Amino acid sequence: MEESQAELNVEPPLSQETFSDLWNLLPENNLLSSELSAPVDDLLPYTDVATWLDECPNEAPQMPEPSAPAAPPPATPAPATSWPLSSFVPSQKTYPGNYGFRLGFLQSGTAKSVTCTYSPSLNKLFCQLAKTCPVQLWVDSPPPPGTRVRAMAIYKKLEHMTEVVRRCPHHERSSDYSDGLAPPQHLIRVEGNLRAEYLDDRNTFRHSVVVPYESPEIDSECTTIHYNFMCNSSCMGGMNRRPILTIITLEDSCGNLLGRNSFEVRVCACPGRDRRTEEENLRKKGQSCPEPPPRSTKRALPTNTSSSPQPKKKPLDGEYFTLQIRGFKRYEMFRELNDALELKDALDGREPGESRAHSSHLKSKKRPSPSCHKKPMLKREGPDSD
């Protein structure tokens, strides 16, 4: 009861009063006090207005135009995203180190159904997008504890080495192959290893993935890491058909190099077909451009030239043949041809030293023959000509 009486004694707020009550609160006279009107009169006195109108009767008063609000500065366009460049190019030279570090790959053919195949002659791995690529790590002796394995991709050609290898914009934005662990711009991923670390170097801007080195199992002699390549080699805005190298390094816990090896990678739709094509091109190139010793070709030329006329030298062992020819013109034609052949053989040295004597003896033996046969042959041709 006491609380209810206290609530009744509280005056209502101002908003609950009537308009008449509010009106009565205003003063009865001098709604606008002189204190407020005085400053208004000082702003523009009457005498000043009259003088101003007398001086400029034909001009209308011009009010000062309100200053236009300052236009906001034009928005600068966002800078185009350019590929980061790195002045540091990692070495790709093979370095087995003290532990005999080297790489190995599973043997696979060139069938169309393969998703990953390695060519030993090209030292090149052909694989499909986001498919498993097992890479074997071989060592002669176990490395120290805390050893890590780093994988990094660089461009193979010299003019592209300073550019950082990354995925194309389309695959970066795509969520089809997102695992939530690897950054979308990284090209190389490790499959089935939650201890993988994806690093972006602040100085070189290059991407790499690092996993702890694990010793081989009891029934195995090597350690296998399954890599994925998350962008095609032909993607525009990414690799753009530029060949790349994957560098695998063995490092200790402080980052010191223990071993290095590398191989070329091509991410394509049909690895078996591309491997077969490139191996055939390499084979044709090797056949068309052999690399023999510098003097071997010079020695081969005279042996070929001397061996080629040997079959023609056998019938010229001093044996002569007689050919009956009808007509003097035909005889002269064959004689000139025979003399030319004899001269050619003499110049080439295909006959023994007495070849000239034999050729002169042959000419003296064959020349009188047409005189004795000329008359009867002319007599035979006489009736035919008539």
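The count begins at 1 with the first shown residue.
Backbone N, Cα and C atoms are what each Cβ position is placed from, and that goes for glycine too.
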Candidate ranges 152-163, 260-271, 332-343 [criterion: Swiss-Prot lists as motif 'Nuclear export signal'] | 332-343
Are there any residues in the same chain, six or more apart in sequence, whose C-beta is under 8 angstroms from the C-beta of Ser262 (phosphoserine), and if so which?
-> Gln92, Thr94, Leu245, Thr246, Ile247, Ile248
Near the Cβ of Arg326 (omega-N-methylarginine), how many other Cβ atoms are there if near means within 10 Å?
-> 10
Taking only the CA atoms, the spacing between Arg326 (omega-N-methylarginine) and Ser175 (phosphoserine), expressed in whole angstrom, is 95
Minimal Cβ count within 10 Å, across the modified residues Ser175, Arg330, points to Ser175
Give the distance between the Cα atoms of Ser175 (phosphoserine) and Arg330 (symmetric dimethylarginine), rounded to the nearest whole Å.
-> 91
In this predicted model, the region 'Interaction with WWOX' (63-102) has a mean pLDDT of 67
